[in-house]
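Going by TrEMBL, these are the annotated features:
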{"type": "TRANSMEM", "residues": "6-21", "note": "transmembrane segment"}
{"type": "TRANSMEM", "residues": "33-52", "note": "transmembrane segment"}
{"type": "TRANSMEM", "residues": "103-126", "note": "transmembrane segment"}
{"type": "TRANSMEM", "residues": "146-165", "note": "transmembrane segment"}
{"type": "TRANSMEM", "residues": "177-201", "note": "transmembrane segment"}
{"type": "COILED", "residues": "224-251", "note": "coiled coil"}
{"type": "TRANSMEM", "residues": "378-396", "note": "transmembrane segment"}
{"type": "TRANSMEM", "residues": "425-446", "note": "transmembrane segment"}
{"type": "TRANSMEM", "residues": "466-489", "note": "transmembrane segment"}
{"type": "TRANSMEM", "residues": "523-542", "note": "transmembrane segment"}
{"type": "REGION", "residues": "576-669", "note": "region 'Disordered'"}
{"type": "COMPBIAS", "residues": "582-617", "note": "compositional bias 'Basic and acidic residues'"}
{"type": "COMPBIAS", "residues": "635-644", "note": "compositional bias 'Basic and acidic residues'"}
{"type": "COMPBIAS", "residues": "658-669", "note": "compositional bias 'Acidic residues'"}
Amino acid sequence: MSGAALGLEIVFVFFLALFILHRYGDFKKQHRLVIIATLLAWYLCFLIVFILPLDVSTTIYNRCKLAVNSSPAESNGSYVTPAPSKQKCFKPWSYIPDGIMPIFWRVVYWTSQFLTWILLPFMQSYARSGGFSITGKIKTALIENAIYYGTYLLIFGAFLIYVAVNPNFNLQWNQLQTIGIAAANTWGLFLLVLLLGYGLVEIPRSYWNGAKRGYLLMKTYFKAAKLMTEKADAEENLEDIMEEVRKVSESIKYNHPLRKCVDTILKKCPTEYQERMGRNMDDYEDFDERQNSYPSEKSLAKLHKQVIYSVQRHHRTQVQWQILLEQAFYLEDVAKNESSATRQFVHTFHSQEPENKIIQYFYTPTVEWYWECLLRPWFYRVLAVVLATFSVIVVWSECTFFSTKPVLSLFAVFIQLAEKTYNYIYIEMACFLTIFFLSICVYSTVFRIRVFNYYYLASHHQTDAYSLLFSGMLFCRLTPPLCLNFLGLTHMDATISHKNTQPTAYTSIMGSMRVLSFIADGFYIYYPMLVVILCIATYFSLGTRCLNLLGFQQFMGDSEMTSDLIDEGKELIRREKRKRQRQEEGENRRREWKERYGNRDDSTRSRAVHTDQKESSFSETNANRPLSKYARSNGRTERDRIELLQDAEPLDFNADSVNDDPLESDSGR
């Protein structure tokens, strides 16, 4: 089994990252390089989280081997490590051979750092550029990142000059590398604690509030009112941009050198606007730069950038509005079915997407009623209590993990108890649950935050390339300090535990933080305590209240503006519901009309064709017979004549079969 667990997790994490990226990105429309770079960044970060528990269990086994091979009691500084018996020191099922983990961590870590500090910022500017060629986009990206890269080079150069001039410093390459890693981890830890303090409170509270009756529906009404405002703003912005495109398209004719740039812009416009504006290819007009003022290529690149952004934003708001409508209709159905006596879940509207037959077979209306109206609220409450317990343990451990005698961090206590019995399964499960909960609190906050319209991760394939790349940057910067914080909570980091034991392979590539003692003994120890203040601020919604005071509408139950937006959203949902009902009623009437009269139309059409064939053959075979013999009887009823006139198709008669009977001629007409 050596290395098998590592291989399985590598494959599993890849498909997990691919699945999540498919939910947020659009593989068909977005550039392949954007998808590959974002997938690689997410994959490496998720991989670190999943592989680190294996590193911990392997390190504990290696410590056991060193203790067995050494003296029965070996003094290591201020403590004594007892040598365990050989029967207890057995190889874990997920053991990774020596030499693999250091190489693995080195490749993963430095690849993620290259992505987050060099490649992804460059690709962000490239994806957001409005250039019309690859060279133009690269040039724009380099110019935009010149200040970004120049700032880091200036700081690093000043530091090197200071070290070279000062005789007290004798830094080697390994120490410079450690300083660079410490600087990156310090920046990441600063942001990590902010996101962690929000997620530790908001995640349990969201599930607890989700169990309340009517809470999700009221919040959906609130979202509907805000989204309608954003949707109207996006439509207005798109109209303004399309008006500018129309003016540019009319001024630059097809024989102008910049017409190719205009055609590129028109291709990015929606189809209805393209048909409305046209290509202006019919009017031939020679351009004269001395008489007419034409836009420059730089202004066209700016317009191209605005078109891409406005079209993507307009499409995103349209899709989100439809999704929010479906969610609101479903929540209203849940509220309506809670008082149902039949205990059968009844939907107001049928699902527009085809349902899976297997799910439809097991998830019957009765099962759906019991889950939605009875079981799910209690499940959410239990889950909220479990998550809140984990949050309390994390907050306590963040404030006490620096204490080694006695050990106050609960995560360190759990790992040390399992280490005494060498229960590797328990060690790996405890480590995985701990780091998984920490990563969920941090990563979920990254998915929730929104920086105006510049950074926003929208599901259902509505996230733009800039936001995807920015999320990859955040993940790569947050994951290394997150893992170091986890190792500190479990006392697997020698910098925290102050034990001279074999470090984990992940800690070994970070180098000794003793080079910067004020960071190792100061910032890394005391800054995580700030999570207590952030959790208290999140619990009392101080950030939400501040944003609400600044004019950014937030969902607050005791706010008058929130109540007004809920009423507005409720009216919008009611209006859309009536519109949907009228559409379904019209479709039902057309379906019933087709079912009622469709068979008659088919039989009438076949009867007319049969009559046509019969009359044609009849006229050909009996052309020489007396015409009066085939005259129609005057006793035919008026209803038969009307039916013949309405249903029968015109018949082609030969000249020999025409008669002079008035009734027959009327019937023919």
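A Cβ is built for glycine as well, from the same backbone N, Cα and C atoms used for every other residue.
Cβ atoms under 8 Å from those of the transmembrane segment (33-52) belong to residues 6, 9-10, 12-14, 16-18, 20-21, 25, 27, 104, 108-109, 111-112, 115-116, 119-120, 123, 127, 431-432, 435-436, 439, 465, 468-469, 471-473, 475-476, 478-480, 482-483, 486-487, 504, 506 of the same chain, restricted to positions at least 6 beyond its ends. By the Cβ criterion (distance under 8 Å, sequence gap of 6 or more), the transmembrane segment (103-126) is counted as touching the transmembrane segment (466-489), at least 3 such pairs being found. Contact between the transmembrane segment (425-446) and the transmembrane segment (146-165) does not hold: fewer than three of their C-beta pairs are under 8 Å, each pair 6 or more apart in sequence.
Where the transmembrane segment (378-396) meets the stretches 146-165, 177-201, 466-489, the count of C-beta pairs under 8 angstroms peaks at 177-201.
Model confidence over the coiled coil (224-251) stands at 93, taken as the mean pLDDT rounded to a whole number.
Away from its own ends, the transmembrane segment (177-201) comes close to residues 113, 117, 159, 171, 391, 394-395, 438, 440-442, 444-446, 474, 477-482, 484-485, 510-513, 515-516, 519-520, 523-524, 527-528, 530-531, 533-535, 537-539, 543 of its chain (Cβ-Cβ under 8 Å, at least six residues beyond either end).
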